[in-house]
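Some features that Swiss-Prot has for this protein:
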ACT_SITE  165  active site, for beta-ketoacyl synthase activity
ACT_SITE  300  active site, for beta-ketoacyl synthase activity
ACT_SITE  340  active site, for beta-ketoacyl synthase activity
ACT_SITE  920  active site, proton acceptor
ACT_SITE  1085  active site, proton donor
DOMAIN    1-418  domain 'Ketosynthase family 3 (KS3)'
DOMAIN    888-1165  domain 'PKS/mFAS DH'
DOMAIN    1671-1746  domain 'Carrier'
REGION    528-843  region 'Malonyl-CoA:ACP transacylase (MAT) domain'
REGION    888-1006  region 'N-terminal hotdog fold'
REGION    888-1160  region 'Dehydratase (DH) domain'
REGION    1021-1165  region 'C-terminal hotdog fold'
């Protein structure tokens, strides 16, 4: 159990002491709780003063240890504190129960949690401007149990229970039921309550339920209501038999639970005594319990005048009846101590009852002065516990009942009883109170270890001083979770433990303490045991271990064998400590290693791989299962006897020089040889005594270090050849070797360390005379990914050599651990080694050595709390202080200037307060429309005339501004300055004047004559399309409107126009407008906009610059619908007069001589469309100064003639290997070829027909994927290239089949830039070796005209612009005609329906929607439920038909080859006018990383793109339709992460468009779209938007997308249009994609500086190499991670922790990449944080990249 409630009661034991002392934890609510409500509404202050502010509160509800659970501060602040509390108390409950979270992971464990407070939800979700995605699950009731299940990986039922105040006892009932019914083996139940807001308290005040004192006085005569309380309780339930079997500490047994409802009472909140009795009887019945045997009832007792007496009477009826006066049933309630926890109340009462039955003590009632007189206490058989009372001895078994009721009528009841579980100390053989043991501590972060150590030390000195140390060790090892940062402390006594823990707490390690972080998930933690050879002996070795029964039992049978063979007892030798003879040492080395191995096994440590060194190979073979221990004893004994023949004749020295060099130096000599290859820099030389001494002296003279090996035998030298035959004879029939069965066995006797030779007599003869290849064996283990080595020896002999070998391999994450060392306690040394293995993450079965009883009461995890609370916005600012956006002005707080006629209006302007409902961008920056400024002047002055309105500088909304409108006697002006400039700057120079005017309060001019609308229309004669104005403005770069007006009738020429305008087209004529009806801005915005279109013969992006005069002729509200009459002004070339009329033609307002200015930088007619629509250009590539060192080529192709044709053009100086397919490489590995100088080149085969394209494309893409997977997964140092020929033009079947490789290659290059060299498309069959070497960092390279070229996005070519003499009469080619039929694949998808809407809007009258799923028959449409997923689709189709179109839905899978015939037949059946346009928008998106792709998933994505495109191409051949639009994506152009299959399919569509254009199809066009906002498969989400931003681009709205379509329609002879916008970059920020190089805009250095961790005001110089570079990178990267996670400082980030464990989710990953890229100026691949999951890994990667650059 666990709990956390008011009064600093943070666990059940603290709570119990508080109960015994009758403490009342009530107090005032912390000030911060209600503070947001004081800011939210000025009326709240008075109300809050009247609201009960006292209760039972946690001192620091906001505190949470999110880092422990891997929850970032950003996510944590969006979580209800109830979720945070519940997570922590659940962890504490599991620790209290001795059940590890890891043991429950993946299990059917259930979680039921009482919760019914939504205070935090209201607090954060009502702060609408700051609502975020995580707040949904973060504030939901279900989020409490679901969060527990998620973080513990529990897969059983997980349910929130809301039964008001009965919730948590109902949760207990559900947990019991889940176990009884077999749904779950373990249930975690509980409840929580957090009081974050005043709302419900206010409700309860009104209902009279809450005491004004905010405290509970259960059973008291003066009860006035209850005090609300907060906190959480968690209880772990398990089947009794399972708990006994598992050795759990059973605190109590639940005998019965029941839940019911009290039916229709006097009121829904009124209690019902009968229902309370009934539920109690039901619980007793379940447990077959006599109520007279229940000694105590924990009552609900909320302290209400009605509730308490009702409940007591019900309890009396059940438990008090038939009681003897001297044996009453005791009752009490916990609420006066900790308050009424509402949803958590039942669980807290349950915990109190468990403590009572467990301890046999009844806690006294707090806050009880006089018992209520509404109960006849003398005759009810009940007694309130008023003093601490021992449980009556008359009870055989202590039983208690718990009541809990909800104000909605839920009644619940539980009956529990004590359980006595006899524990016995059953230590394993050989263990005793004085034997050493190991204490294990851990934490998710390193800084937790000292805190945990301090807590355990303090406990051992106090509450745990009487606990058995072995039990404490068992608890920590077996009953607690082991996190990534670990400490293992070997101790012999409690005093020893206290001292060692103190050292760790103070940051100093004890000699027997090991501390480390476990190796990351990408590092193999399996252990290689290394059995070293001769030379580890020391006096007294083994003496201590002989006292260990495990050691003794392992060596005693071997002792008998040796003694029978040679009359010598190894055990006796070990006890004597006298064994210098070489033959004795060999035998004892073997004996020790076998004994140590047995002790290690007893501690739960086993090898996964084994290396034997020299004589150590014998024990290694035994432990691996290749020999028996007895065979090993015979072998070592007989060989040692033979050694006596050569004793005293030889010697050995260790030489500090590589094996190969010394071997070359000694070549040809028999008296002196290299015997052991120890490490890359050392070896051992053996030979005759004289030769060794002579060579040692020579080495000394040459300053080469040598060390003498303690032996008089020249092991592993020709001197032992004479012993080979005798050895073979002596072993004949004595060995029966087998293949190793227990672990992988590496050989040091064979040239191939992985050799599988049987360990027979021949092997051991070779082992005796051949050199020892230790370096090779260790290197093989490293190559097989082993990183943990344990030397099994009496003293570390080869550890240094192995360390050298590992460091020479450049491996950083490894460990080399010895077992014993000279003159150190053996038992402690072995435990120390086991502890070191544990701290590195190696598997240790602690149950094998610490399986006995365990200790309860150990300190729980020490939380590292940090305040985590959402900062709530200030709420709505008074309209007296800021402008009202619905009035469309900038008039905020009005301030009169004393003594003058000046009035100043001040306000703040930002994106949240823009005074217009739409969007009004100018070159990407949102500005206030001119109409809004004029409206502001009119409303500020009350003027009817404005003269000389000068619009000087647009009012931009790209950053928050302080705005002032200054109105004087005749003048008015608008000024602003950026708010950040305002800080600390009182200088007027920062104010910008935007607009000025002179004003008159009344007009002397007469109202103009009424406009004769019909006569004007007749005079003009030319009817324009209703969309003329919008289309014209869109064409010149006005992509959106600030107001939603629409033209419904339009006549015009270059001299005059008249247009009927509806200012609010979506609002019915008699309905209320969605803005202030007095606002002139909407209709005036139409006037300024339509007024500019009179210059359509000279299309330019223009904006109003000056208006000579503005007249308002009416005091009435402006018309919703009216006429705009536009005339070309005669006084200037670019000015117009605009009259605003009502529907009758009466002039209500007029702009006289509105002059327009052309916007600087507008590039020709395309305007800002040029920043949206692009072409793919292929300028020459820039070669690198240093070529790639490619000297070997592996050409892989199944097309033999093609492969050989390319090979024939390669210089003979380059080694070329030809392979048929990737499997040849994967199977044969060709390791000698796979070096840094090697390039693997994939050459796809030629394809002869279009029918073969789909299957060939699948084959080619999958073969390339197999190659990249092989190279990446095996960490090969090679680069992969693809070579194609003339793919770019898409003219041939081969080009179409190869095209998917283009998109695939771009994504591969993005995800694996270090392994992928690029795709090179040649124009002739000449191998592009020079291009491969010199064109670096490019994903796709085309060689045309002999020049290597790379793709860049550029504006559409102006010479392709269709020159139109009459834009109203000539229909653009890519838009529909009323007489045609138009077909859309993917037609029922969101994107397809938007396309249909667009085509209908553009004039299409017949549309066919093709979709795999189709729709139900039309006769069923009217019966469709609104909730049906098809309802929106049907509604959309009916809407299109209501607009005059006919829509046909054709169910057809376009991805099937048979679809062509089916489509043709269907079109014939429909018998519609000819199809004039096709839009292929069908597709499937299956995002997977390159390494995770499967053939099936890839084929599923390719089919609708490739087969679907070819089907349409067959049915509608080139030139048979006006337009053939293919919906592609820009994802493959910029290498969108996870879109390898989607990118491949889309690049095929790009090629198909080129293929058709090459056949004269002018209407074939592929659109490479960016993400459509909220639409389609590429719909922009938080993740997509972050990924787009990381690529330097944005999404588009549907309106922008179709504007791009219309823009592209004006160009001919182009086969594609790339639709995206580039984001501006900092001055020195790396280019996200080379494709953007020509369209990107960079900020100036001063403008791009910010204060984020990724760019400080002072640009630091990045070190170029060494420790300084790594230190810099570590700090910078941790700073970026901290910024993403909203951590206060970089120091909060653990460099060794996985980013995912820190709380970095998929969206944050993209943001992190951006920050890293900006901070370190290095392009970051999308998969970097997946392949380099910690800051430490990232430091290594960036160090290499930064060093290169």
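Each Cβ is built from the backbone N, Cα and C atoms, and glycine gets one as well.
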Quiz prompt | Within 10 angstroms of residue 340 (active site, for beta-ketoacyl synthase activity), Cα basis - active-site residues out of 165, 300, 1085 | solution = 165, 300
Quiz item: Which residues, sitting 6 or more apart from residue 920 (active site, proton acceptor) on the same chain, put a CB under 8 Å from its CB?
Solution: 926, 927, 928, 929, 1040, 1041, 1042
Quiz item: Which whole-number value in Å describes the distance between the Cα atoms of residue 1085 (active site, proton donor) and residue 300 (active site, for beta-ketoacyl synthase activity)?
Solution: 67
Exercise. Please work out the helix, strand and coil residue numbers for the region 'N-terminal hotdog fold' (888-1006) from the DSSP assignment.
Key: 22 helix, 48 strand, 49 coil
Practice problem: Please classify the secondary structure at residue 340 (active site, for beta-ketoacyl synthase activity) using three-state DSSP. | Solution: strand
Quiz item: Out of 165, 340, which has the highest number of nearby Cβ atoms, where nearby means within 10 Å of its Cβ, if these are the active-site residues?
Solution: 340
Quiz item: Counting every protein chain present, what is the number of Cβ atoms, excluding its own, within 10 Å of the Cβ of residue 1085 (active site, proton donor)?
Solution: 27
Quiz item: Would you list the DSSP helix, strand and coil counts for the residues of the domain 'Carrier' (1671-1746)?
Solution: 53 helix, 2 strand, 21 coil
Quiz item: If one looks at the chain holding residue 300 (active site, for beta-ketoacyl synthase activity), which residues at least 6 apart in sequence have a CB under 8 angstroms from its CB?
Solution: 165, 307, 311, 333, 345, 349, 403, 404, 405
Exercise. Let me know the model's mean pLDDT on the domain 'PKS/mFAS DH' (888-1165).
Key: 86
Quiz item: What are the DSSP helix/strand/coil residue counts across the region 'C-terminal hotdog fold' (1021-1165)?
Solution: 26 helix, 54 strand, 65 coil
Quiz item: How would DSSP class residue 300 (active site, for beta-ketoacyl synthase activity) in three states?
Solution: coil
